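*Asks:* Pasting the relevant annotations from Swiss-Prot:
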type: SIGNAL; residues: 1-19; note: signal peptide
type: MOD_RES; residues: GLN20; note: pyrrolidone carboxylic acid
type: DISULFID; residues: CYS47-CYS103; note: disulfide bond
type: BINDING; residues: ASN117, GLN168, ASP177, HIS211; note: Ca(2+) binding site
type: DISULFID; residues: CYS156-CYS170; note: disulfide bond
type: BINDING; residues: ARG205, ASN307, ARG342; note: chloride binding site
type: ACT_SITE; residues: ASP207; note: active site, nucleophile
type: ACT_SITE; residues: GLU244; note: active site, proton donor
type: SITE; residues: ASP309; note: site 'Transition state stabilizer'
type: DISULFID; residues: CYS375-CYS381; note: disulfide bond
type: DISULFID; residues: CYS417-CYS440; note: disulfide bond
type: DISULFID; residues: CYS447-CYS459; note: disulfide bond
Amino acid sequence: MFKFATAVILCLAASSTLAQHNPHWWGNRNTIVHLFEWKWSDIAAECENFLGPKGFAGVQVSPVNENIISAGRPWWERYQPISYKLITRSGNEQEFADMVRRCNDVGVRIYVDVLLNHMSGDFDGIAVGTAGSEAEPSKKSYPGVPYSAQDFHPSCEITDWNDRFQVQQCELVGLKDLDQSSEWVRSKLIEFLDHLIELGVAGFRVDAAKHMAADDLSYIYSTISDLNTEHGFPHNARPFIFQEVIDHGHETVSREEYNQLGAVTEFRFSEEIGNAFRGNNALKWLQSWGTGWGFLASGQALTFVDNHDNQRDMGAVLNYKSPKQYKMATAFHLAYPYGISRVMSSFAFDDHDTAPPQDEQERIISPEFDEEGACVNGWICEHRWRQIYAMVGFKNAVRDTELSNWWDNGDSQISFCRGNKGFLAVNNNLYDLSQELQTCLPAGVYCDVICGSLVDGSCTGKSVIVDDSGFGYIHIGSEDFDGVLALHVDARV
């Protein structure tokens, strides 16, 4: 009897963790956007006015719980919890709940960035949070939860990143490290996550997951509630979980410890796609992109060109400040059949600590748009760049098709088909791409969705004529604004 019961428990745990890889997208939608530091009311409006109509699948939102107030209001204060009250500069609980409902109503899921590893960093004296809660971080006292010193690991620094004990029990950049093996801590974290599930979220991005033991996270994930059916989720649906695990391939704490619990952020994807489109690697090598490069299995990998952390670091990672290469890399990301895709929506920054756009009272301001829909007041809004939202539509149009008919020039001009539904070509050389190429599309005239749109039966940008054999003449000049061309069946004239 005991062996049978144990087997049943193991089977249930396995099925539960597999379910945590399902993002619960509507229809053929399959791209998440990170609206970094946006207010809840603005996200609700964006879901209704832009994300839903453009076919985005979901939004990753900034941390929702009360955080410490830091001088100058740097973005990273959101990653220093004071309590689990749902009051931040993005809004209060009522505004958050309204946003979740309105986004779900138009088929856009909400994924919350959650902080289960730690509370705030050190602070002289009494710290005050965004909901007015007081805490004394130096004594590990957080009455708003409440947590006291016994709920944390003993203080120590991470000096050796190859020491598992230090990585998982010492303080990440001085942040007070919670003990997730404690029943009390587990109960408070589960209570917090369950409340968000009740409000209708579809899942969680788990910050600093590698700094928590996989066994502790497994317990927490398996104990939280099923998704709320009142928000359109099926019965017994589990929250989608994607975990921040930075693993460059030589880490003592590896991504493979977490990829069965949920998806994992594939940081090597970000680094290598940046290398390629910066010209440090020929694009021809991208034919084997994905697992052929040693990345995680497609359904386990949360993929991105940049995120809110690494876009601020020097190195190979691309960001909005290199727009041509960034748009090419994003087009490839969304066209190639690998990973669970997330695109970034940033605000402008001059240094690592730059605050989001705010007024004189340090209140986050709403994005404003020009006549073409681009943001103009400190918000970058890459997701509103035509070259990016058009590729979200491309990805929807080609969902569940295979890559075929790869072509390259032996260097950094490439093209490929997605079944008979889509075609992408990229030119990252310093000379023109002018070639008859197999598009795999039915005969007809197609709009290049990178440079224009299909409006009232005609293209606002350039078009490509595809013959009865599927071939079309493709031209991408070396000096062209975008360096990429994309055709799909939903943009046929």
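Cβ atoms are placed via backbone N, Cα and C, with glycine included.
Would you situate these features in the structure and describe their surroundings?
*Replies:* Under the three-state DSSP scheme, GLN20 (pyrrolidone carboxylic acid) falls in the coil class.
Within the same chain, residues at least six positions away from CYS47 (disulfide bond) with a Cβ under 8 Å of its Cβ are VAL59, MET99, ARG102, CYS103, VAL106, VAL108.
For GLN168 (Ca(2+) binding site), the same-chain residues 6+ apart in sequence whose C-beta sits under 8 angstroms from its C-beta are LYS210, HIS211, MET212, ALA213, VAL253.
Sequence-distant neighbours of CYS156 (disulfide bond): residues of the same chain at least 6 apart with a C-beta under 8 Å from its C-beta are GLN166, GLN169, CYS170, GLU171. Look at CYS156 (disulfide bond): DSSP puts it in coil.
Cβ-based neighbour count (10 Å, all protein chains) for ARG342 (chloride binding site) stands at 24.
Counting every protein chain shown, 19 other Cβ atoms lie within 10 Å of the Cβ of ASP207 (active site, nucleophile). In three-state terms derived from DSSP, ASP207 (active site, nucleophile) belongs to neither a helical nor a strand segment and is classed as coil.
In the three-state DSSP classification, GLU244 (active site, proton donor) falls within coil.
When secondary structure is read from DSSP and collapsed to three states, ASP309 (site 'Transition state stabilizer') falls in the coil class.
Around CYS375 (disulfide bond), the C-beta neighbours below 8 angstroms that are at least 6 residues distant in the chain are PRO367, GLU368, PHE369, CYS381, ARG384. Under the three-state DSSP scheme, CYS375 (disulfide bond) falls in the strand class.
Within the same chain, the residues at least 6 positions away from CYS440 (disulfide bond) whose Cβ sits under 8 Å from its Cβ are SER404, ASN405, CYS417, ARG418, GLY419, ASN420, PHE423, GLY470, listed in sequence order. Under the DSSP three-state reduction, CYS440 (disulfide bond) is assigned to coil, being neither helix nor strand.
Secondary structure from DSSP puts CYS447 (disulfide bond) in a beta strand.
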*Asks:* Rounded to the nearest Å, what's the C-alpha distance separating CYS459 (disulfide bond) and ARG342 (chloride binding site)? Just drop the number here, would you?
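*Replies:* Rounded to the nearest whole number, the Cα-Cα distance is 28 Å.
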*Asks:* Which of the recorded positions listed here (ASP177, ARG205, ASP207, ASN307, ASP309, CYS447) have a Cα atom within 10 Å of the Cα of GLU244 (active site, proton donor)?
*Replies:* ARG205, ASP207
*Asks:* Counting other CB atoms within 10 A of each CB, which of the disulfide-bonded residues CYS103, CYS170, CYS381, CYS417, CYS447 comes out lowest?
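*Replies:* Comparing Cβ neighbours within 10 Å for the disulfide-bonded residues CYS103, CYS170, CYS381, CYS417, CYS447, CYS170 has the fewest.
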*Asks:* Once the DSSP letters are reduced so that anything not helix or strand counts as coil, what is CYS381 (disulfide bond)?
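*Replies:* Its secondary structure by DSSP: coil.
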*Asks:* Which of these recorded positions has the least crowded Cβ, counting other Cβ atoms within 10 Å: ASP177, GLU244, ASP309?
*Replies:* ASP309
*Asks:* Which recorded positions (GLN20, ASN117, ASP177, ASP309, ARG342, CYS447) fall within 10 Å of ASP207 (active site, nucleophile) by Cα distance?
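*Replies:* So far as Cα distances go, the recorded positions lying within 10 Å of ASP207 (active site, nucleophile) are ASN117.
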*Asks:* For the recorded positions GLN20, ASN117, ASN307, which Cβ has the most other Cβ atoms within 10 Å, all shown protein chains included?
*Replies:* ASN117
